[in-house]
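K.L.:
The following block contains the structure, expressed as C-alpha cells.
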Amino acid sequence: MIGKVFRIHMVGIGGTGMCGIAEVLLNLGFEVRGSDMNDSPSVRRLRRLGADIFIGHGAENVTDAQVLVKSTAVSMDNPEVQAAQEKGIPIIPRAEMLAELMRLRKGIAIAGTHGKTTTTSLTAAIFDEAGTDPTVIIGGRLNAYGSNARLGEGEFLLAEADESDGSFLCLSPVVNVVTNVDLDHVDFYHDQQAIDTAFINFMNKVPFYGMNVVCGDDAGVRRLLPQIKRPVLTYGFGPDNQLRAETVTCGETSRFRVLLHGEDLGEVNLVQPGRHNVLNALAAIGVGLETGIAADVCLRGLANFRGVGRRFERKGERGGVLVVDDYGHHPAEIAATLATARTCYPGRRLVVAFQPHRFSRTKALFGDFCKAFDNVDKLLLTEIYPASEAPIPGVSGQSLAQGIRQVSNTDVDYFQDFDAMRAALPETLRPGDLFLTLGAGSIWTVGQFYLDGE
C-alpha cells in the first residue's frame, strides 16, 4: 500500500469499525474521502482532521479513489460500491485495511462475541502506562483519547477484531485475545459450528512464538481449546485458569487480586463495575504480561483507566433519576449489564429502554431475548434497529414484547418509535430510578433527551 495508494474512499466511514481506521490513515498522511448516512460526531471529527465526507451514498461520490473500503454494514449493491466496480477500483472490507496497518507493527487483536471494545481499551491503558506509545483502533470512544483511535510511534498496534463477517481472519497478530464465543451474527454464520470454526482458525493464525489469551471460564472457549495448536494462556475466576482473579469485590467500582500460576501479582482497583469487566481486565493483564510489561505497570494502567463510551456509561442525573447508557445488544451482554446495574445501584428501581439490533439476531435468539429482562422493574421496548438488514416477516419489536409477556412477569411497554417512548418518560420515571438505555443503535438519544429536559 505504501507508495502505491494515496487516495482512499471509505463507505460507512462514520461507523464504529471504520472511523478509527480512517483517523489513523489521516494521521499517516493519506487522502481520505468517504460517505455515511448520518452526520454523526465521528463524521464531524474526521472532517476536522481533513477527511472529505458526503452525507448519503451516491455513485458520484466515487471519483479518483485508488481503493474503496467498505464497512460490514455496506452491501455490494451500494451505489458507491457499484461505481467502484465499474471504474475498476479495488474494493476491500475494513478488516483488510486494518490488516495492512497491522502488518507494519506487532499486532494485538482482541476478539470475542462480547467485551471486545472494553478489553481493547483496558489493554491500551496498560500499554500507555508502560510508555510503549501504541497505535490503537477500537469500536468505541476511549475517554482518554476522546476518539476511537490514536496513531502511536511504538511497535504495537492494538485493534478490536470484528468477527461478524469472518474478516477478522485477514489479520495476522502476534497476540490474540478471545473473550468468549457465543452464537451471534447469524446472517453470516447461520449456526454455532460455523462461528466455532472461524474462532479456531483465528486462534491458530498466531505464530508459534505468539500467544492466545483466552477466557477459560467461557464454555464456548473451552469447547474449542482441544483444537488450538498454538500457545494459550487462560484467564478467569476458575481454579484451572493460569491467570486468575481472587477476592473480588464489585460495587460501583471493582477490586480484586491477580494470580499468575498461583503467584500473587497484586491488587487491581478498576473504575469499571461488574464481574464481566474483571474478566476483561484479566485479559488486558494477560496481554501486557505476554508482551513484557511488568505486573505492577499493568495494575497501575488499569487503576488509571478512565472508561469508554457507551459501556455502562453514567450520563447524568435529572430529577433524582440516574441515566446510564450501555451498548449491550446480545442476551448474554444484557444479562451482564443488568447484573451490574443491580450490584451498583441496589436501592434503585430499574427502568430499561431497549432497542433490539438486527432482525436476524432477534429471530435467532428470540427465546433468549424473551427471558433476558426478568431482572428489570420496567421495560420500554421499541422497534428493531435494522443495521442495513431487510425486515423479516413476523420479527419486530412488537412481537418481542408479546413474547416477553408470555414467558415472564416483566412489566413491558412497546413503543413504535422514539417519539412515543420519549412522550411516556414523564409518567414512567420517578425520583430514585435508574434509567438504563440499552442497545447498539441510537437508543442512547432517548436518555439524552430526558437529561436535556426537552
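Backbone N, Cα and C define each Cβ position, glycine as well.
Straight out of Swiss-Prot:
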| type | residues | note |
| --- | --- | --- |
| BINDING | GLY112, THR113, HIS114, GLY115, LYS116, THR117, THR118 | ATP binding site |
K.L.:
Tell me the Cβ contacts of GLY115 (ATP binding site) under 8 Å, same chain only and six or more apart in sequence, or just say none.
P.N.:
THR179, ASN180, HIS276, LEU279, ASN280, ALA283
K.L.:
Just to confirm: which same-chain residues, 6+ apart in sequence, have a Cβ under 8 Å from the Cβ of GLY112 (ATP binding site)?
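P.N.:
Counting only residues 6 or more apart in sequence, the Cβ neighbours of GLY112 (ATP binding site) under 8 Å are THR119, GLU163, VAL177, VAL178, THR179, ASN180, VAL181, CYS215.
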K.L.:
Which residues, same chain and not among GLY112, THR113, HIS114, GLY115, LYS116, THR117, THR118, have a CB within 8 angstroms of the centroid of the CB atoms at the recorded ATP site?
P.N.:
ILE110, THR119, THR179, ASN180, ASN280
K.L.:
Under a three-state reading of DSSP, tell me whether HIS114 (ATP binding site) is helix, strand or coil.
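P.N.:
Going by the DSSP assignment, HIS114 (ATP binding site) belongs to neither helix nor strand, so it counts as coil.
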K.L.:
I need the most crowded of these binding-site residues: HIS114, LYS116. Count other C-beta atoms within 10 angstroms of each C-beta and give me the top one.
P.N.:
LYS116
K.L.:
Please work out which residue of THR113, THR117, THR118 has the most C-beta neighbours within 10 angstroms of its C-beta, and give that one of the binding-site residues.
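P.N.:
Within the set of binding-site residues, the most crowded position is THR118.
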